[in-house]
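Peer 1: Before I ask anything, let me first share the structure, which is written out below as structure tokens.
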């Protein structure tokens with residue numbers, strides 16, 4: 001679990017996302033509150049429930065990007081799902097409980113990686129011994145000895161192995177056969193039976209080994225993973241993962257506006273209102289059965305987001321509105337924001353283009369007025385056609401550098417200056433012609 005302060009979280013988000021200070025503050029506080037809650041005594045901790053967040057803002061302003069960056073910062077089980085993928089129980093589509101099952105799977109993966117890191121030193125020692133055994137088979141009379149012969153020859157080979165002198169030498173080793181991965185599409189309500197069937201098929205090949213020939217460097221990596229996996233206690237792993245999900249899990253529900261009921265149509269709508277009703281128990285707290293055990297959702301943090309262009313937050317059913325108490329509105333982006341997006345974030349669009357062309361030996365220089373012209377062009381197209389936010393910059397940038405990208409291999413060693421004139425020559429016709437803008441930009 002991340003121990004970063006809200007100020008540190010916002011600072012980290014600032015290096016990737018321009019503006020939207022209120023949204024960054026809200027998610028930073030929510031993330032810090034997860035840590036604060038864990039500092040309370042156990043009895044009081046149960047009473048403190050997370051304050052779920054609803055982010056409202058037009059498309060392309062950074063809602064999904066905030067979620068992506070938050071996942072990296074949280075160091076906790078995190079899952080981003082599209083609300084449109086789910087339907088009411090009994091209809092075609094995923095059940096909402098699958099969200100918690102997927103979250104638990106991600107926690108298992110996270111916990112396994114942590115435990116394998118702790119066992120790494122012991123795993124490396126065991127892998128080293130296995131490789132030395134393959135390089136120096138024991139003499140027949142030594143087979144009954146429990147401890148391998150630590151002779152001078154073995155020490156010489158151990159030294160060479162550690163120094164990387166034997167990396168390219170090929171050896172034959174026994175490696176565990178990969179588990180048989182079988183995907184079974186289950187009808188609603190039969191997930192438990194499906195999980196048992198999958199486990200049965202996976203266990204059929206368990207314990208089998210396969211003899212393979214490979215370079216020592218590759219064999220060593222494989223053996224370290226194998227030995228580390230042997231040292232991980234599966235029961236403890238599941239217990240810790242479920243605890244991690246229940247206390248630190250974060251679910252990001254994207255496109256929640258698409259499951260709002262629109263218009264005055266009567267009767268239930270299984271792919272909209274039905275999904276909201278199914279989401280209610282998860283958000284307010286229930287117990288979900290997963291293949292790893294029962295998971296309580298009482299303290300999982302839910303962050304929902306939507307553009308709400310065709311609907312409004314009040315179109316959500318009242319019960320769900322009440323479970324999303326913190327509302328954050330994200331601002332539409334201006335031409336100045338576009339200019340900052342092109343230059344300020346880590347690995348910005350201009351930096352990416354410079355790096356990509358650099359691989360062909362072409363040097364690109366973006367001038368101040370050139371960047372301003374690109375930002376202005378993207379903003380104008382957004383104003384005249386559909387406003388898709390910062391995503392428009394990708395389209396404009398690709399169109400601007402299309403010819404250069406095509407001919408880059410023939411221009412090795414040259415320097416291209418992208419200034420206002422260059423932008424005008426390549427984009428003006430498209431930007432001014434509204435019909436062309438609609439189809440090309």
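Each residue, glycine too, has its Cβ placed from N, Cα and C.
Annotations per Swiss-Prot:
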- 18, 60, 61, 62, 63, 64, 65, 254, 319, 391: ATP binding site (BINDING)
Peer 1: Could you check the binding-site residues 65, 319 and say which one's CB has the most other CB atoms within 10 Å?
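Peer 2: Counting every other Cβ within 10 Å of each candidate, the maximum falls on 65.
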Peer 1: Where among the binding-site residues 18, 61 do you find the Cβ with the fewest other Cβ atoms within 10 Å?
Peer 2: 18
Peer 1: For residue 63 (ATP binding site), what is the tally of other C-beta atoms lying within 10 angstroms of its C-beta?
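Peer 2: The answer is 26 other Cβ atoms.
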Peer 1: Rounded to a whole number, what is the top Cα to Cα distance in Å among the residues the record ties to ATP, namely 18, 60, 61, 62, 63, 64, 65, 254, 319, 391?
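Peer 2: Binding-site diameter by Cα atoms for ATP: 34 Å.
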Peer 1: Once the DSSP letters are reduced so that anything not helix or strand counts as coil, what is residue 65 (ATP binding site)?
Peer 2: helix
